[in-house]
């Protein structure tokens, strides 16, 4: 098998970053259009209330099953048939969860204005239906992830976001009064795009793969077949499917039981953890929805600022976190101490953890420093003078930049912990997650009453600090038996911190002098300071950059060309 997990993880991260940039640019453009032309209340209903329903259903339905299935690829007793059967459980799980969620969203949460009531009801049912049918594509999506079809994922994800956006914008331009209807219709269409796209790929791919295998037995030179079929069919001897029907439950030949008991145990552990993680991730939206702390207009303001403040997390941190999690699950075994595993793999994982953590922490600090001087101009350009009036959006974005630093560190350390935890360790952590969840909700409610929307950000910072502390303790304890804690090498260097501090002061002076009469000059100062900060980091970490590029080139040359094309 010529697939390279580390290279595929890097490719997945880079492609995902590009996709996230495209996706968020489209979303930001749509949100700006709604804020300026339709109204913040509609934005609050769609982006807070309805997307919270989608996030709840998708996360609770598939997160635990998807993560446990990826981890079980190390378990030789877990067959492909059992994995496929397990993945299809997401459909009835999502349907079962949709019933109480719809009742809660329609009857328990704070009511919307009467003028939007019918549209809101349709939006809730549209979101639930789109989530249920989207679960039917989990099987081919998982197969593509395991066999490193990175470009397939990027193409399909990009296609469905463009289709969803096109349908939504077209309907809204025709009639601005049915924006929530348009939102629901676009969600259903995008779910259908995901399903059709994934199954259509394997419908054409599998027959060609079978022909490739048949001709491979008759020729000695693979280059002939590579020219005829392309490189994406090489090194696929372990691809288990001979028909697209075998991606359906109960079709793939299976000599064992329908489900794997070890996989089921891991799913239950992740499921308990997933509920708590969802509360921690979307806690402020749950508080907004359950308690009338903020109006829909204020919720929209908070959501816009929160999304803008999370640009680094969505563009960079989340793709890197997902790819790192995949890399660690394939490199480190859950059920063996590090001292008993292959030390070259352990050392590589240690280096990757240290380097990635150092990089994302440096990015987080960069965002924090420059947000103190550029929150106001950015929000003014985005939402207009009416949006920034009163100063609340600017205040929220400045405080949110502090959360970005913690998000950067938490994503990688917690990702490594989840990728290497045993079922018992996951269960133990669930108790801590329960404590974190309750504390977070209490802090969100109380701090919001004291400080307004800023209280949500402060509660988030406290929550992430708790989780970072636990993850750092776990990493140190695990690596104690094989060497020094890799996180000791993850702090930015003094040169970078010094340059960053000087640039922060210069930008504040620029804000005081230029911001009132020349935003362009103020932005140019920021560009120059950002370039200086990046140059300082690059110089200070030049050996890291050389090592990373050398490893990338060496691994790219050592694998067959097929891994590059998937």
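Cβ from N, Cα, C; glycine included.
On a predicted model such as this, the values are computed, not experimentally measured, just so you know.
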Feature transmembrane segment in TrEMBL, mapped to one of the ranges 63-85, 86-108, 155-177:
86-108
Stretch among 86-108, 180-205, 431-448, 487-507 sharing the most Cβ pairs under 8 Å with the transmembrane segment (120-142):
180-205
Which range out of 397-419, 431-448, 487-507 gives the transmembrane segment (454-475) the most CB pairs under 8 Å?
397-419
Looking only at residues six or more beyond either end of the transmembrane segment (431-448), which have a C-beta under 8 A from one in the stretch?
273, 276-277, 279-280, 283-284, 286-287, 291, 293-294, 454-456, 458-460, 462-463, 466-467, 470
